[in-house]
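Taking it in order: structure first as structure tokens, then the write-up.
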Amino acid sequence: MQDAENVAVPEAAEERAEPGQQQPAAEPPPAEGLLRPAGPGAPEAAGTEASSEEVGIAEAGPESEVRTEPAAEAEAASGPSESPSPPAAEELPGSHAEPPVPAQGEAPGEQARDERSDSRAQAVSEDAGGNEGRAAEAEPRALENGDADEPSFSDPEDFVDDVSEEELLGDVLKDRPQEADGIDSVIVVDNVPQVGPDRLEKLKNVIHKIFSKFGKITNDFYPEEDGKTKGYIFLEYASPAHAVDAVKNADGYKLDKQHTFRVNLFTDFDKYMTISDEWDIPEKQPFKDLGNLRYWLEEAECRDQYSVIFESGDRTSIFWNDVKDPVSIEERARWTETYVRWSPKGTYLATFHQRGIALWGGEKFKQIQRFSHQGVQLIDFSPCERYLVTFSPLMDTQDDPQAIIIWDILTGHKKRGFHCESSAHWPIFKWSHDGKFFARMTLDTLSIYETPSMGLLDKKSLKISGIKDFSWSPGGNIIAFWVPEDKDIPARVTLMQLPTRQEIRVRNLFNVVDCKLHWQKNGDYLCVKVDRTPKGTQGVVTNFEIFRMREKQVPVDVVEMKETIIAFAWEPNGSKFAVLHGEAPRISVSFYHVKNNGKIELIKMFDKQQANTIFWSPQGQFVVLAGLRSMNGALAFVDTSDCTVMNIAEHYMASDVEWDPTGRYVVTSVSWWSHKVDNAYWLWTFQGRLLQKNNKDRFCQLLWRPRPPTLLSQEQIKQIKKDLKKYSKIFEQKDRLSQSKASKELVERRRTMMEDFRKYRKMAQELYMEQKNERLELRGGVDTDELDSNVDDWEEETIEFFVTEEIIPLGNQE
């Protein structure tokens, strides 16, 4: 039978080597390896393929090729079943061999067929021996023609396949039939109201209404004692999957103030009953000292840091911002694979890698935490820096969502995974100002989750038909969303207080095309930019609906503009906003002020501006109007306290503008990602005075390191502003010292060098005088230390220089 095997498989192997057929690979790809059936079938095929090269028979019919279907592999891996197993090498149609000898108890007819099979195998084996010499003679001719034998891909004789079926076919084995005793579909619900017979039917209706959402309920049982229910019930579903879904979604359901359901699977009781009574003391984890993660805030000169990516992303550096030249803190090659991002308070630096995200911090920027998420592309931090949201476009499964994952930054543990719709916009989850809530919008639904449980608020989502967009207030747990018109129902903007879900303001709007929500940084105001088409008119008119959030009943003021709106931006710490409107080349910028009496006043309008973006200083008052990319980098620095243009400049082809956290400096840059030449970043003062031009090879990105909110109260800040003149004298003195610091260091260095030279010269002179007697002895008593010590040895030479005299008249001579 072994000889039969050595003949059968080579025919199939050489059939696969025909032109147009798939050639065998040296090492199969991982996907093919996963589909390779485990057990005796795989090593057996490998062994017979090795023998094909030894025999050298090249006659096989087209039917000898072997293909193992995935379904057959699954059946083979799943163990014994009624369906036949995949054919072995002896059963191949083109091998001229019958199945192996049956075991005891098989049909006699099959034994007869086996005897015929043995005789045929012996004949073929003898024929193979006769052909061995002919194959050896044909080998040189085959090498000359380039027809060499295929390489051997067989496993060695001592090879042991230690890969289990679960590793290879885990996804298939997961769905194989399993024995069930029926209790997998039963759940136990605790904290159910205890009622008597008169209210039992009503309770059953309520329970059925709640739990029938998860599947068909086939049976229920309400235990009673002393004429009342015991406070727990049993429900049986038609499928175990429905029971699992009920536990997942109904556990913690709040029926009323006194009753919150606790739902468990009935099978959980066995699991908890088998817990060992012996408690193993957990191993104490050593404390990992990460150092001072906010050390940069204690810098004596109060300088800020920023990150720079250059050389097309191959190098990343961290710098101190210095007026003269940036001071490098850390520089690493291939620190990130795409880009970097700072956390909201500047504690962590996030770098992107194919396998996940890494967080860095501390004085030496050591790795603080890492999160494994294959193919991650986008991230988002919670405002409190406690949670990290990562997104990967790789496919995820229905049972285990992996597209979006929320992580606990402190522990590094995964909190929850979510699916992601392809039409969503990042960030998909938007956080409340304190990180206690986060929300996402799907079709006709607004889902609000709470931390740290990561579950739905009140265990249910908000059904909002047609919801288009939403946004959290930066100053409180208030969420704003808008809904478009639906037939005769007007569009509306709604402000909702959370977690109570109370609607504190609703604004109806008509003839609406689109809405954009713009919050002021402190949450004092909300501007809803409404594009609408009034009846009887052509074109689009824009209304700015200003909600004054700090006043009773949230009054709304309206500013209407008939020109095209290019950009809108609130002053971060104030009540002014700026609007870019018009069309090139007639672009104007208007500055408005929201007064306490509710009146919105136009402060100033500048015409003929080359700008398409508005960048407010983080501290307010100052603003940069920038014409990025297509507008060739035109810059205008404006002081909105008196609405004066402090300076007009240009950074050709600028693609980005970044204010530092203090509002003292601003950076304009040309990124290699958007423009392939003139890549650099320039540092300006808030007044528009250029300080530095830093050219970096293939510069990509610059990001300032954020600062956490100040610990000072508003009263303390007011007092500091009142005493600013006293502090300004100290700052001016430090500035003068810093300006002369470089010259002082140079003078001090030169003075030190001169002093060292004088010491060395004195030491050399002393040594020279000590060696004078030795010199006299070596030179026969002749003193050569002085030039006039031996006049007889002098030679006098006279050198003449020819000097010509030329007279050049100066001025006019009459």
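Glycine residues also receive a Cβ, built from the backbone N, Cα and C atoms like all the rest.
Keep in mind it's a predicted model, so treat the numbers as computed, not measured.
The annotation compositional bias 'Low complexity' is assigned in Swiss-Prot to 32-55, 71-95. Taken from Swiss-Prot, the feature N-acetylmethionine applies to Met1, supported by experimental evidence. Residues or ranges marked as phosphoserine by Swiss-Prot: Ser78, Ser81, Ser83, Ser85, Ser125, Ser152, Ser154, Ser164 (among others). Annotated N6-acetyllysine per Swiss-Prot: Lys209, Lys288, Lys364, in sequence order. What Swiss-Prot records for 124-413 is region 'Sufficient for interaction with EIF3E'. Swiss-Prot lists 285-324 with the feature repeat 'WD 1'. The repeat 'WD 2' annotation in Swiss-Prot covers 325-365. Taken from Swiss-Prot, the feature repeat 'WD 3' applies to 366-425. Summarising the annotation, Swiss-Prot assigns repeat 'WD 7' to 599-642. If you look up Swiss-Prot, you'll see 643-685 marked as repeat 'WD 8'.
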Query: Counting other CB atoms within 10 A of each CB, which of the modified residues Lys209, Lys288, Lys364 comes out lowest?
result: Lys288
Statement: Looking only at the modified residues Lys209, Lys288, Lys364, Ser164 (phosphoserine) has its closest CA neighbour at Lys288
- prompt: Cα-Cα separation of Lys364 (N6-acetyllysine) and Lys288 (N6-acetyllysine), in Å?
  reply: 15
- request: Using a Cβ-Cβ cut-off of under 8 Å, list the residues of the same chain that are 6+ residues beyond the ends of the repeat 'WD 8' (643-685) and lie near it.
  value: 304, 306, 308, 310, 312, 321, 346, 591, 603-604, 606, 613, 615-620, 622, 624, 626, 628-629, 632-637, 691-707
Task: For the repeat 'WD 7' (599-642), give the DSSP counts of helix residues, strand residues and coil residues.
output: 3 helix, 23 strand, 18 coil
- prompt: Tally of helix, strand and coil residues over the repeat 'WD 8' (643-685) according to DSSP?
  reply: 0 helix, 23 strand, 20 coil
- request: Please classify the secondary structure at Lys209 (N6-acetyllysine) using three-state DSSP.
  value: helix
Field: C-beta crowding around Ser164 (phosphoserine), within 10 angstroms
entry: 11
Mean per-residue pLDDT computed across the repeat 'WD 8' (643-685): 95
Message: Return only the integer: C-alpha distance in Å from Lys209 (N6-acetyllysine) to Lys288 (N6-acetyllysine).
response: 51
Task: Pull the DSSP breakdown for the repeat 'WD 2' (325-365) and write it out as helix, strand, coil residue counts.
output: 0 helix, 21 strand, 20 coil
